[in-house]
Amino acid sequence: MSLQVQPQVSLKPFNTFGVDVRAQLFAEAHSDADVREALAYASAHDVPLLVIGGGSNLLLTADIPALVLRMASRGIRVISDDGNRVVIEAEAGEPWHPFVQHTLAQGFSGLENLSLIPGTVGAAPMQNIGAYGVEIKDVFAGLTALDRQTGELRDFSLEECRFAYRDSVFKQQPGRWLILRVRFALNRVAHLHLEYGPVRQRLTEQGIEQPTPTDVSRAICSIRSEKLPDPAVLGNAGSFFKNPLVSAAVVAQIKAQHPDLVAYAQPDGQMKLAAGWLIERAGWKGFREADAGVHKLQALVLVNYGAATGLQLLDLAQRIQKDIAERFNVELEMEPNRY
């Protein structure tokens, strides 16, 4: 057996909140064979299997009575290249930001707006990660996943993934699909997305009038570094709440009290609000209780100042949800998966 299964392993190094809970069993998968072995092991020992990636979208509230399998497979390869459009495939365990930097170094554009997002390649399609006007669905060329119900491999097209805002079929059917590798359609001729004001502004400040994809990536990295704390320094899971979608009527109600509210019209007629703005306006920015808090610079980020438990962070999140619902009649949804 090549899979190394260890009992009673602390998951503190494997979640970016730095919450110290234990896995009943723990293993790392470096290949498809390891994944199948883990499935067989969990079945034979009658324990659940919980698959994790970089741990940047996890809130762990108790010890995990399961085999926790961390995807650690590596590998990046070009699948097709017609001179401009390049399809590149990466294994699920590849760290996301270094993968983005690799594609840029090869002269491929498309992922630059998704720079410095924590996590792994395999986790990216789960919630259709997005930033600065680009989502995974915009560069998606397919993926291969293992059906945990049948043990069969299946290739997914864009349509089959059912991507939506921070959502996908993989999130809608938790525990069924185990993503093994993902393919992206990138280009040598750049089509830059500079719709977001802060990105254009940063490039202008740097005196860059005709930016390259690498310039855009660097600008976004500098913006994100200023706004978001480094999980290696201060435990966090990035944006903790989704930006809520509400009706025009709700927007009108809030604007009556808060004329400076900014709302973004969506194709389906709904309006998207900035969750961070709502939380800050409600007075939570910089709040701290024991070691659980709201970041002092970015109200959308909950932080662990050292010894916060998952339950303390969850309690804080739920209090914020309750307050925002009562103040603004808006329901905030948590982004991290909770266990």
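Even glycines carry a Cβ here, placed using N, Cα and C.
The feature active site is assigned by Swiss-Prot to ARG166 (among others). Around the Cβ of ARG166 (active site), the number of neighbouring Cβ atoms within 10 Å comes to 17. In the three-state DSSP reading, ARG166 (active site) counts as coil.
Neighbour list (SER239 (active site, proton donor), Cβ cut-off 8 Å, at least 6 residues apart, same chain): ALA275, GLY276, LEU300, VAL301, GLU335. Residues or ranges marked as active site, proton donor in Swiss-Prot (evidence: sequence analysis): SER239.
DSSP assigns GLU335 (active site) to coil in the three-state reduction, placing it in neither a helix nor a strand. What Swiss-Prot lists as active site is GLU335 (among others).
Positions annotated as domain 'FAD-binding PCMH-type' by Swiss-Prot: 19-189.
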Check: When you measure from the Cβ of GLU335 (active site), how many other Cβ atoms are you left with inside 10 Å?
Finding: 18
